[in-house]
Amino acid sequence: MEILSAEFVVSNTKVEKCPQDNLPEYAFIGRSNVGKSSLINMLAKRPKLAMTSSTPGKTLLINHFLINKEWYLVDLPGYGYASRGKKQVEKIQQIIEDYILEREQMTNLFVLIDCRLEPQKIDLEFMEWLGENGVPFSIIFTKADKLTNGKVKDNVNKYLKKLTEQWEELPPHFVSSSEKKTGRQEILDYIDSINRSLKA
């Protein structure tokens, strides 16, 4: 699949205010500073589609982008911002949970993981929560350009091994670099395969 058009549609904090046209939605989420906005811009080939910032946690809304007039790419608020007050953290968490659990159009959730880091408790707990709630998700390991290919492979394998402690069957996973465009086609082809299966 190639992206021919990508346009911003709406930002909000309420699931009921999301688009009502029943197109499939692919949501992206991750911890602070995982490279989510850069990944979204890389996938869409639009450098400024999603707002990037050196300040973690700028995405505080559910952002819908219409892709090829066929499906939505959804940029969700991130989780795990230690610098935020308790009330704001709880508010963001509620926005995330409401969308993930109530949005029937969400076809797949991409969980972004910084491949440079050891498995983080907050990510593992979040994925466990997704599993408990039957949420279909995939993993995208980001920032692969920051390490050698061998180190990326080692870190990803270590992460997947950690997941096997909780999971009998591992979710699909991808390795990406927004700088080098690594993983772009694989992720888009995966989305395309799901879209095709929905039409079958």
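Just so you know, glycine gets a Cβ as well, placed from its N, Cα and C.
Pulled from Swiss-Prot:
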BINDING   30-37, 57-61, 75-78, 142-145, 173-178  GTP binding site
BINDING   SER37, THR59  Mg(2+) binding site
DOMAIN    22-197  domain 'EngB-type G'
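Locations of recorded Swiss-Prot features on the structure.
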residue : record           : Cβ contacts under 8 Å, 6 or more apart
GLY30   : GTP binding site : LYS36, GLY78, TYR79, VAL111, LEU112, ILE113, ASP114, THR142
VAL34   : GTP binding site : GLY78, LEU112, ILE113, ASP114, THR142, LYS143
LEU61   : GTP binding site : SER11, ASN12, THR13, PRO77, ILE95
ASP145  : GTP binding site : SER177, GLU179, LYS180, THR182
SER176  : GTP binding site : LEU39, MET42, ILE140, PHE141, THR142, ALA144, THR182, GLY183, ARG184, ILE187
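Under DSSP, GLY30 (GTP binding site) is assigned to a strand (E or B) in the three-state scheme.
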